[in-house]
Amino acid sequence: MAASFSNLLSLLHKAAAASQVLQIHAQLVAASLVHRPSVASRLLYAVCELPGGAFPARIRPSYADLVFSHIPRPNAFAWNNIIRFHARSSSPIKALLTFARMRQNRVLADHYTYPFVLKACSLVPGLDEGGSVHGSALKEGFAEDSFVVNGLINFYCKRGEIASARKLFDGSRFKDLVSWNSLMTGYVDRGDASEARKLFDAMPERDAFSWTILIDGYGKKAGDVGRARELFDEMPNKDVACWNSMIDGYVGGGMIGPARQLFDEMPQRNVVSWSILIHGYVRCGYPKQALELFQRMLVEGIRTDQVCAVGVISACSQLGALDQGRWIHSYLKKNTGLLDGVTETALVDMYMRCGDLQQARLIFDRMPKRSVVTWNVSMVGLGIHGFGAEALELFHQMEKGGVPMDDLTFVAVLTGCAHTGLVDEGRCIFERMRSDFGIEPKAEHYGCLVDLLGRAGLLQEARRVIETMPTEPTASIWGSLLAACRVHQCTELAEAAVEQLRKVGADDGGVYVLISNIYAAEGKWNEASLIRRSMSCRGMEKVIGRSAVEVDGCVHEFVNGDTSHPCKAQVYAVLCELSRAMLPKR
């Protein structure tokens, strides 16, 4: 039994998968060893330290609590483990309740306990428990303990109370590298890169994290990518994190070319590196390149994570690449831990945008827990495909179920009403926003209402909505009215919309093309010609049209005027055939 016991503990120490921990747990139960304090503590530590995807997210917290309950008289080490686990597992309230139980059981906290508890406090908006935890730490003699002081500095920085953090920092006699980095992070998070730089210059020593914090401060927070690159080039020993930070800075500034160049120069990459660039391509409107990069990543043997998965699913959404989206869905199902609420919501959005409403609804119905984003994307998807009644039904389900709604919920349902001509229903929901839901309509909601009325041909009513708005109408609202004027051939109102767009400086090429087409549709060729000449004189160009189609899992992109596609002969042959077929028969 002693040898078996020793072997089990050794296996527990090496366990890297949930299945291994569960098997060892079963053997410990069978051998009546699980209630030994030292054994249960070891088991708890193994559960808490497993990688994030090892257990399904919904099961792991309950399982950790079950293992903890096996410990007859847990010591501070066991309490610290379960508190830290809940603080890291997005259950900060549970971590604080566990700390309260620890105090009720008269177990003395140590200098590891307080940083975990303070981290939990910083994750709960509006909670003022941090002050009392600070007071408890002082009373129990931890005022000069570096772990506790650093935890407090980090806590106050996370809460935006930078003055309190600075006071603790300045008053501490035992500043270490963590203290300097924590305070510097606080300044960066509040957008004060200059103060962060002063700390950086005064540091007695720096590590790679110190450099990365400041690179982030200049590149992502201050938008000064040039200063960030200067710092990056000065850095003596670059790690993967600082390369990722610099690439992210370029991506945030829309500089996808330099981001890709830096990515290609990296001596080594992790999944975060790939994820940043994939999201960058998607954000900058290059979904095809995002998919190509993802495929290369898999070829190189890099296992994706949830963040990367969401990026590549978004790329499929933009391209309408349904086959590739289905393959990625299958890949996520086969790789344990990758399917969670966020990735499932992205899949719902992708299937909706690609037209597979049945599969989107199937995922939606099977989700054990739906966020407001899940409901919103489902309503938008149903609405734009002409299922406005179904989108309305989802809205009413949210209302009946007491699901919290946000601004985008009403954008989603109003969009659904607009695309399916449900004018009365849309008007009613718009009116109820303020009275029944306490949400003040914003410019985007007025834009949806204008779109709803414009699509239905109620152009004068749409104009009255714009003129009586409590805020200044945005360019997109006038643009929506202009688009409706084209559909319903209302030249006078279209001219008024163009004049308003000119006033707000949004009279780009697309606007003039629209008004030119309106004139042409009514046979006003002189006016249409004048608009085109005006565009030419002002150096305006029509936005180049581009489209993509997926054939046998391969995405083909076409750009207006570009004849470089390898199958151009077949494409033009089909187009000629279609053109002939569309000609009226004599």
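Glycine too: its Cβ is placed from the backbone N, Cα and C atoms.
According to TrEMBL, the protein has these features:
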REPEAT    176-206  repeat 'PPR'
REPEAT    207-242  repeat 'PPR'
REPEAT    270-304  repeat 'PPR'
REPEAT    340-370  repeat 'PPR'
REPEAT    371-405  repeat 'PPR'
SIGNAL    1-17  signal peptide
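Same-chain residues lying 6 or more positions outside the repeat 'PPR' (340-370) and placing a CB less than 8 Å from one of its CB atoms are 57-58, 306, 309-310, 313-314, 316-318, 320-322, 325, 329, 332, 377-378, 380-382, 385, 387, 403. Same-chain residues lying 6 or more positions outside the repeat 'PPR' (270-304) and placing a CB less than 8 Å from one of its CB atoms are 240, 243-244, 247-248, 250-251, 254, 256, 259-260, 263, 311-312, 314-319, 321, 324, 331, 335, 338, 548, 555, 557. Across the repeat 'PPR' (176-206), DSSP helix (H, G, I), strand (E, B) and coil residues number 23 helix, 0 strand, 8 coil. Summed and averaged per residue, pLDDT over the repeat 'PPR' (270-304) gives 94.
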